[in-house]
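Among the features that TrEMBL reports, transmembrane segment is placed at 5-23, 29-47, 68-93, 105-127, 139-159, 179-200, 228-250, 300-317, 337-365, 377-397, 417-442.
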Amino acid sequence: MNNIIFSLIGLAGAVFLLVFLTVRWKVPVFLALLAASYLAGISSGSTPDVLVTQITQGFGNTLGDIGLVIVLGTLLGAILEGTGATTAIAWGILRLFRERFPGAALAAIGYVVSIPIYCDSGFVILNSVREHLSRIHRVSPVFLSTVLGCALYATHTLVPPTPGPLAAMTNLQLSGELPRILGLGLFFSLVALVAGFMWAKFYAARYLTAVQTKNTLSPADKPERNDVVTGCFLLSALPVLIPIVLISSVGWVDDDSVLKYLGHPVNALLIGLLCCWPLIRRSGLKGQLSPLLTKGLESGGKIILVVGCGGAFGYVLRDSGMALWLVNQPGVLQWGLFLPFLTAAFIKTAEGSATVALITASVLIDPLLPVLGLDSVNGRLLALFACGGGAMTVAHVNDSFFWVIAEFTGLDTATALKALTVATLIQGVAVLAGVQIVSMMIL
């Protein structure tokens, strides 16, 4: 019993240490996760040699599953961003809507663009499109910013190959379920997008139309666009669409099918990278390819360290014995999918990063899934998206994405809190509601 008490105290201390180091001292997340792993392991009574083995095995096994996928995904995102392909995708979708429905068009653009690149970068890249729509349609800039932010945020948090869902997939022992995670992620992110859009429509558009922004455009201003690739919508979209189609097809083909091989995440992303070559040639970046890839590798390296240390933290917790103790505690089973959601929401609200919240929450929840009645494959899938919904709840002043939107739209903090923070709360709750409804069908 004393060991369990020390383990629980150590777990609480580890979570506090993680938040304190990253928020107060601005320590890199991977170092904070490593420190939390040592604290949790020592508190649970692990000997130094066993603890080091747990950490190194957790780090290596986690990256063995998804390390290459993360690297290839970040390289793909860097190339699409550097060649202007993301802008081409945005303008192509806008033409499909004939610019008649600015809110819906911007939502669709953000939903697609944030699959290969980060939501912060996505908003910066698409800001010119948002300003263009706001000006020609005389639509509230707050409405469009909220819609774009919600769209980017939804797929960034819930759809692979972004790092958060990939890491959670490994932490929850779902490495063979990527096609289903991709399909469910697209569905639940659509639920989140619709919820955020409705909030923007019925709050931001109605009550905040008169808000004056710092970056108001004159009628003569034109949005920035890369004319080299703007006309190549299909060419720009193929590196995103082909990996999604290949990975999704795995569950529908025979084991000896060529598509089964091509649909492996590593192979699918490599094919996506090959599809970028025409974009590189058209944009004239052949001579600058090395710096472009180096930028992607730098981003991927940071993510790999965070994901690997998150996996190490998970291995330490799995061996701590806390799950066995919780089996005998009254009322634990009744928490169900609420516990993954609340765990991720607490970490997200305190620490600020949706990716870190999703990784950490999935690590903490995995040993508890048998206790919660979620130990089946379907249960683990739903737990992943419950964590994802929590990781969206909420974006506020400690989130870089919050400030990107506020600064580029020219919003004061109070207005940004009313528009974006409440929107992310509604998005997270909507995802949880969707997960609960789906659980009634498949559990």
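Every residue gets a Cβ built from N, Cα and C, even glycine.
Predicted automatically and left uncurated, TrEMBL annotations should be read as such.
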Cβ pairs under 8 Å only, please: of the recorded stretches 5-23, 29-47, 300-317, 377-397, which one is richest in them relative to the transmembrane segment (139-159)?
377-397
Distant-in-sequence neighbours of the transmembrane segment (337-365), which means Cβ under 8 A and at least six residues beyond its ends
11, 15, 18-19, 22-23, 29, 33, 153, 156-157, 162-165, 167-168, 171-172, 303, 306-307, 310-311, 313-314, 317, 372, 374, 382-384, 386-396, 398-400, 428, 432, 435-436, 439
Among 105-127, 228-250, 300-317, 377-397, 417-442, the stretch with the most Cβ pairs under 8 Å to the transmembrane segment (68-93) is 228-250
Sequence-distant contacts of the transmembrane segment (179-200), meaning Cβ under 8 Å and at least 6 residues beyond its ends, amount to 103-104, 107, 111, 143, 146-147, 149-151, 153-155, 157-160, 165, 169, 244, 247-251, 263, 381, 384-385, 388-389, 392, 419, 422-424, 426-431, 434-435, 438
Report yes or no: does the transmembrane segment (29-47) come within contact of the transmembrane segment (300-317), defined as 3 or more CB pairs under 8 Å with a sequence separation of 6 or more?
yes
Tertiary contacts of the transmembrane segment (228-250), defined by C-beta under 8 angstroms and 6+ residue spacing from its ends, are 76, 79-80, 83-89, 91-93, 95, 112, 115-116, 160-161, 178-179, 182-183, 259-260, 262-265, 267-269, 271-273, 275-276, 278-279, 282-284
